[in-house]
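Peer 1: Pulled these features from TrEMBL for this protein:
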- 32-57: transmembrane segment (TRANSMEM)
- 48-298: domain 'G-protein coupled receptors family 1 profile' (DOMAIN)
- 69-89: transmembrane segment (TRANSMEM)
- 95-114: transmembrane segment (TRANSMEM)
- 150-168: transmembrane segment (TRANSMEM)
- 196-220: transmembrane segment (TRANSMEM)
- 241-258: transmembrane segment (TRANSMEM)
- 278-301: transmembrane segment (TRANSMEM)
Amino acid sequence: MENTTDTSQDVLNFTQSEVLINMPQNSIEVQVITIVLALLICGVGIAGNIMVVLVVLRTKHMMTPTNCYLVSLAIADLVVLLAAGLPNISEVVDSWIYGYAGCLCITYLQYLGINVSSCSITAFTIERYIAICHSIKAQFICTVSRAKRIIACVWIFTSLYCIMWFFLVDTNKTVYADGVVVSCGYRVSRNLYMPIYFLDFTLFYVIPLIVATVLYGLIAKILFMSPLPTSLNDRSEVLKSVTKMLAVVVILFALLWMPYRTLVVVNSFMDPPYLNTWFLLFCRMCIYVNSAINPIIYNLMSQKFRAAFKKLCNVMKDSSRESHEQTEQEDVSVKSVNFTDDCGDTGTMFSIA
């Protein structure tokens, strides 16, 4: 709720025939659970995705085409967690507290992160398909430099695509009998923004899942149902392990986004729309979990990632310990002070521990 001295004047502007209702408020339980879960999931997700980025960028043998796409996915997930998860603090006051610029920028960043993560998943799925099903071509196609160029194109494309959200959202004030609520919502009618939702649904959910289903089916046929080509025999177990891990990422993406995507589709045919508070909360938390869970999957299913995570943690601990020891040494080092007494005699150089 927004505290404002203009509230009484806004109420007076209404005709006497209009009856103002009281401000709708979420229950204390909803507010507390939302904030606790958002902070917990976002905290774990932000730390984990930062670790993924650091591990790949600081470990030479981890810089592979697939891992480049995972870095892009981690950065996109960071954007989602920061732009979608942390603003949940506004649940405390039941009103939008980030202003007009915040409404535009946060909405833009939310969709940017969501769409880039979807494109990154599609990109590493195609890369895995080429690497396994066309292993000879992969030596020339699946390179780190090419992966970086593809990632740059993904970010540029989605950045331009999401610009439309700057023109579709706005802050709105709703006057109630007991106050004014500011919200960040759509400036266009439901009939206009529903086609945009369906476009998003098709481009960044349906198509990626169709591509993933077809390509992972072909990959499984090569890896698990047929004799492996000679070029893949010596690293078959590694390929199977990596493919299983990436397939889990895709499956979780499909499952965790399904509640929200389904809700949007169903509500497009319902009037009034289904807006149960607890189900909306469940949908939002699924989205945050999707952006937070990937580093955990990497750690559980990839020995290389697990070893690199441990190494990075040890380096950080050693760095912290060295910094602490250096500070202690500076604190106990000998300091010299030039001292002169009240009579003007030059004193001795004193050592102070």
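Counting starts with 1 at the first residue shown.
The backbone N, Cα and C atoms fix where each Cβ goes, and this holds for glycine too.
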Peer 1: Which range wins on Cβ pairs under 8 Å with the transmembrane segment (241-258): 69-89, 95-114, 150-168, 196-220?
Peer 2: 196-220
Peer 1: By a Cβ-Cβ criterion of under 8 Å, what residues six or more beyond either terminus of the transmembrane segment (150-168) are in contact with it?
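Peer 2: Beyond its ends, the transmembrane segment (150-168) has Cβ neighbours at 68-69, 72, 104, 107-108, 111-112, 115-116, 119-120, 123, 186-188, 193, 196.
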Peer 1: If we skip the immediate neighbours and take only residues 6+ beyond the ends of the transmembrane segment (69-89), which ones have a Cβ under 8 Å from one of its Cβ atoms?
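Peer 2: For the transmembrane segment (69-89), the sequence-distant neighbours (Cβ-Cβ under 8 Å, at least 6 residues beyond its ends) are 34-35, 38, 41-42, 45-46, 49-50, 52-53, 56-57, 97-98, 102, 106, 109-110, 112-114, 116-117, 120-121, 123-124, 127, 147, 151, 154-155, 249, 284, 287-288, 290-292, 294-295, 298.
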Peer 1: Could you tell me the mean pLDDT over the domain 'G-protein coupled receptors family 1 profile' (48-298), as a whole number?
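Peer 2: Mean pLDDT, the domain 'G-protein coupled receptors family 1 profile' (48-298): 90.
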